[in-house]
Amino acid sequence: MKAFSCLLSVIATAASLFQHVDARSHARDKLNNISRVERPVIHTPSRRVHAHSHFDLTFDLYPRSSRIKLQLEPNHDVLSHDARVTFLDTEGNVDRTERIERRDHSVFKGWAWTQAKSGAWERVGWARIILHRDGEDPLFEGVFTVMHDHHQVIAKSKYVRKRHQQDPPLDNTPGEYMLLFRGSDIAQTQSTGNVERSIMSSPSCDADTLAYDSNSNFMFPPLPEENNTSIWNYFMTSIGKRQMTDTGGVVPGSRDLKETIGSTSGCPNTRKVALIGVVADCTYTNTFASEMDARADIISVVNAASVVYEHSFNISLTLGEINILPKNCPATASSATPFNQQCDDRAGGGSFTLADRLNTFSAWRGKKTDDFAFWTLMTDCTTENQVGLAWAAQLCVKGVQGNPDSRNSSSQAVAGANVVSKTDNTWQVFAHEAGHIFGAVHDCDSMLCQNPANPDNSRCCPATASTCDARGRFMMNPTSGSQITDFSPCSIGQICSRMARRTILTSCLTTNRGVDTISGQQCGNGIVEDGEDCDCGDEESCKGNTCCDPKTCKYTSGSQCDDANEECCKGCKFASSSTICRTSSGPCDPEEKCSGNSGDCPHDIHSKDGETCGTDLQCASGQCTSRDLQCQMHLGNQVAGSRTVAFDSYGCEVACKDPDRPNVRYEGSLTFLDGTPCGGGGTCKNGQCSGSTFGNEVSDWVSRHKPIVIGVAVGAGCLLLLAIASCICGRSRRQRPRNRKMPPINMRPMAPVYNGWNGAPPNAQQSSPGGHPPYNNIPPPINAPPPAYPGHLPSTRYA
């Protein structure tokens, strides 16, 4: 029985390892143009600023002669109050830990403006920068947008280090200065049919080398009718490498992707904060002059990436912890940090790939006990032209599934983690890979739209309900492209609907009310801190807000709350107790109403998992569902529509079947909702069956194999009956009477009278006064006549 339980555990674990999806990003193509940032001016009296300054920064773009103005303010969201940096030694042990002082990092956000010929300024986009040097000759890096075309500002030294062979060369101007390139300056890959061609290797985010990717049903047509056919086997024989992409974990059907395009239902109405952790490995740290510079670059990357999440999902990405490893890579990777090694240093030969780094880093992340949304490993290594890799739909997931084995390249560990390689547009790679962790699939491009494995354009996010190709304009584009600064309406609808359906976790997302920031109390940072009634941001952001005074962060006269930051606030007054602040999503998720004396909406409460909510339906993660219903939702289009049922009731991977073909198993990188019943009396949790017991496992196995059990029971019963019958028959035979010789009966004579005997009886001795000696129980001789006894004793016949 112990072995049986162990076997079930192994099978369940192995099955769970085919439920998630990884996504990988590839390096950009060559640059057609690059500009130098000329005449930068900080518009303050002394040309000096500090980390908490509000100021304008202007400069020219040579040779375009365009004047740009960045209107900037501190971005206090990028660092949490207790943000810290931990310095590790080469063995992975903690050397020291320091608090990240907000005043040491001049990180800013704001708006980009262009100057017309008339001299008037027009706002054309957003800006996120980090200032390295102020004064008369400032030096900064970051990104800003002009009409949705991103402009990347980088230092000359960084460009030289990461310059592609066919990028424009630089002149011999000495010293450090700033360069700029646009997304539209990147050479675009040309494609003809299914063959992609470019001067550089194809820049894409394909996810076809790890088992999680290969097991994705949403990249394949229906399976051929074979017993126990799996997506993995079908993939190995029918789909080429370049025809794949990832699916982002638990993906709604094609109808759902189209129906939710542009919908923000499910995303937070008020600002939420996602705390993240970042680790810099030795190869990444080695690209900087100091550990301080490495830390600043990480902050700059998160600062730039956060803006697209704030605009799309009302979620800020905030650094909670940074771990920095020494720049000298160890000769042999430590068991504590196996991901920290040279790019081509893998035991047993070959290269230590980006997938290897993700696996080992995920195992490391799984041991962390924090409440971070995810962790990112920053590295300077790539695999061919791949520069990013992430597990999909792992937001807020704690722990790890699986275990990487250095001797087995196919072994995987899945956690809330990703890997990002250092490039000159790292922030985009970071934002793209984080999008997969939030559960986004790729946007459709021309290749996916023409792929026969993508019927009805259901395996990617289409541009509209009637148009497939998104033309490479958005953050989840599978290949590099220009003007990528936002998520597509389809990606927004998908992520928000996943939050609403609870197919991704959001428990780690915190509110921005009562959050302590690294800088302490700062009015105007958009976070309501101790001592503040409200905080709508700077004066530009607070335009039209009549509830909050942006200068004092106090309610205006007569106001009780702030409509922009409190869900139970209407017209600066508390909403009535009959006001619904969070609607019901079904029988298992009751609506929440305002209290009438607070601006906050009560906590979201849903029915207990396992409660009955309909015929053959139970609550799971706030949804009224069943295993069959989830199969119909996720794989119905590929199997049998509304007739689709679950293949079994044991595991937590979505495995379905057509009742007319019960031996054909349809599966993919899908998991049942948390709280869905699974084998052994357990429930699904992050794709694994937890809470099962050995007794229930045995009972469940019996119920799932009734024909076998009945056959064995009948056979054993018959054998038992035969054994009992045999015993009864044997006992009956032993009790039957039989003719047999009777043993002689010796009787002690009483005063016998010997007639015809000569002398005394045989063997007799003369009596003595002391009594008689014992008799020897010897019968009389056969020929001797029997003795005569007095009385009428019956005679005994000896035979």
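Glycine too: its Cβ is placed from the backbone N, Cα and C atoms.
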Per Swiss-Prot, cysteine bonded by disulfide to CYS581 (from CYS569, CYS572, CYS588, CYS601): CYS601
Range among 189-235, 236-282, 753-799 that Swiss-Prot annotates as region 'Disordered': 753-799
Distant-in-sequence neighbours of the transmembrane segment (708-728), which means Cβ under 8 A and at least six residues beyond its ends: 702
Inter-residue C-alpha distance, HIS432 (Zn(2+) binding site) and CYS496 (disulfide bond) (nearest angstrom): 16
Candidate recorded positions GLU433, HIS436, HIS442, pick with smallest Cα gap to CYS449 (disulfide bond): HIS442
Stretch-averaged pLDDT - the topological domain 'Extracellular' (24-707): 79
Integer Å distance between the CA atoms belonging to CYS601 (disulfide bond) and GLU433 (active site): 32
Three-state secondary structure, which DSSP defines for CYS396 (disulfide bond): coil
Top Cα neighbour of CYS601 (disulfide bond) in the set of recorded positions CYS396, HIS442, CYS460, CYS496: CYS496
Of CYS396, HIS436, HIS442, CYS581, i.e. the recorded positions, those within 10 Å of CYS460 (disulfide bond) when Cα atoms are compared: HIS442
